[in-house]
Each structure stands twice: as C-alpha cells, then as structure tokens.
Amino acid sequence: MVESNAANAFTLTNTDTMTLYAGAIVLIVGGVITVIVAVLGVVGAWKEHQVILGVFFTCLLFLLCMEVAIGVYYVVQKDQFYTTVGDAIDTLSTRNYSDFDTALQTLLDTIHKNLQCCGLNSTKNFSPKPASCSCDVDTNDNCCELDALSWWDRPCKRPIILWMQEQSSIIAGVGIGFGLVMVFGMTMSCCLCQKKRKTGNNAV
C-alpha cells in the first residue's frame with residue numbers, strides 16, 4: 001500500500017488502483033477484524049466458554065471464506081488485469097518522451113531508474129533518449145553501449161508487469177499465512193468445545 005512504485009506504475013498505465021490494492025485492503029481489514037476476534041478466542045479459551053468459542057469459530061470461518069473468495073477472484077481476473085496493463089503501455093508507447101507533460105516525464109524517469117529500463121514496449125520508443133535511460137555499463141548487467149553512450153538495454157513493459165506480479169505474490173503469501181492461522185484457531189476452538197462436551201462441564 002505504501003510502495004511508491006505502485007502509484008507510479010498505475011499512474012503511467014492509467015489503471016484502476018483498486019484492481020491490485022483490493023487484496024491488500026482486504027488483508028488489512030481482515031487483520032484488524034482478526035485481532036478483535038482473537039480477543040474472543042482468548043477469553044473463550046480462558047473461561048472455556050462454549051458460546052464464546054462458537055462465536056470465535058464462526059468469525060474465523062467467515063474471514064476464511066472472505067479470503068478464499070478474494071483468492072478465487074484474483075485467479076480469475078489476473079490475466080485480464082495484466083493484459084489491460086500491457087495494452088495501456090502499448091498505447092502510450094506511440095508517443096515520444098517530449099510529448100508527455102512534466103509530471104509524466106518525471107514519472108517515466110523514476111520508472112527508468114528504479115526498474116533499470118528505457119522506453120515502454122521498446123528501447124527505441126523515445127528519440128532522443130531521456131537522461132534517465134543512461135546507466136553505468138561497468139556496474140549494471142542491463143546496461144549496454146550505443147553511440148558512445150550507455151543506455152538500459154530493455155524496455156519497461158515487462159519489468160512493470162513483473163513488478164506488479166511480485167507485489168501480488170507477496171499479498172497472496174500473506175493471505176495464505178493468515179488462512180493457516182485461522183484454520184489453526186478454528187481447530188483449537190473445536191477441540192476445546194469437544195473437550196467441554198466430554199467432561200459435561202457447561203460452566204459460563
């Protein structure tokens with residue numbers, strides 16, 4: 001959510017930020033709710049109260065279902081999303097660097113430097129090349145010499161999409177971690193409830 005490159009990439013491609021941020025927002029909201037629900041779990045386990053443990057189990061089940069739904073949505077929509085981003089980059093590639101306003105030029109410069117690339121879908125998109133395309137051939141593998149100058153030797157389309165995919169993978173990994181913790185909590189609450197039933201202790 002706070003990664004500056006995310007805002008840069010979305011601004012450049014004119015892509016709806018909610019498309020990728022949705023997963024992060026759900027995880028944040030889910031995390032806050034999980035903390036609140038965890039209090040119920042602690043109280044229920046401490047008091048061995050079946051009703052509280054039942055509410056705890058139900059809340060975790062709801063959160064788990066919500067995460068699964070988001071995961072399914074991502075799997076279904078991800079190819080379309082990256083295709084949309086690629087098409088937007090291809091559209092922008094028909095314009096020269098000098099055709100962009102100052103804000104977009106600054107944005108392109110930032111992307112060139114951070115992702116070590118030049119141009120959009122081709123290194124020949126911009127003529128003349130902006131200064132942000134220059135690099136040190138002695139210290140960078142993605143740098144090559146051309147016309148006695150050193151330039152990034154790859155366009156930015158693929159690095160932008162790869163970067164977005166990496167962020168999505170991080171979100172997915174955190175989501176899976178949350179899911180496993182929830183399953184563990186649900187299992188423990190079921191075990192405690194089952195133990196109470198066996199002992200016949202219905203104390204409140």
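Backbone N, Cα and C define each Cβ position, glycine as well.
The disulfide bond annotation in TrEMBL covers Cys117-Cys144, Cys118-Cys133. According to TrEMBL, the transmembrane segment annotation covers 20-44, 51-76, 170-193.
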Across the disulfide-bonded residues (Cys117, Cys118, Cys133, Cys144), the Cβ with the fewest other Cβ atoms inside 10 Å is that of Cys144
Cys117 (disulfide bond) to Cys133 (disulfide bond), Cα to Cα, whole Å, comes out at 7
For the transmembrane segment (170-193), the distant same-chain contacts (Cβ-Cβ under 8 Å, at least six residues beyond its ends) come to 23-24, 27, 30-31, 34, 38, 41, 44-45, 48, 50, 53-54, 56-57, 60-61, 63-64, 67-68, 70-71, 74
Cys133 (disulfide bond) to Cys144 (disulfide bond), Cα to Cα, whole Å, comes out at 11
The rounded CA-CA distance in Å from Cys118 (disulfide bond) to Cys144 (disulfide bond) is 11
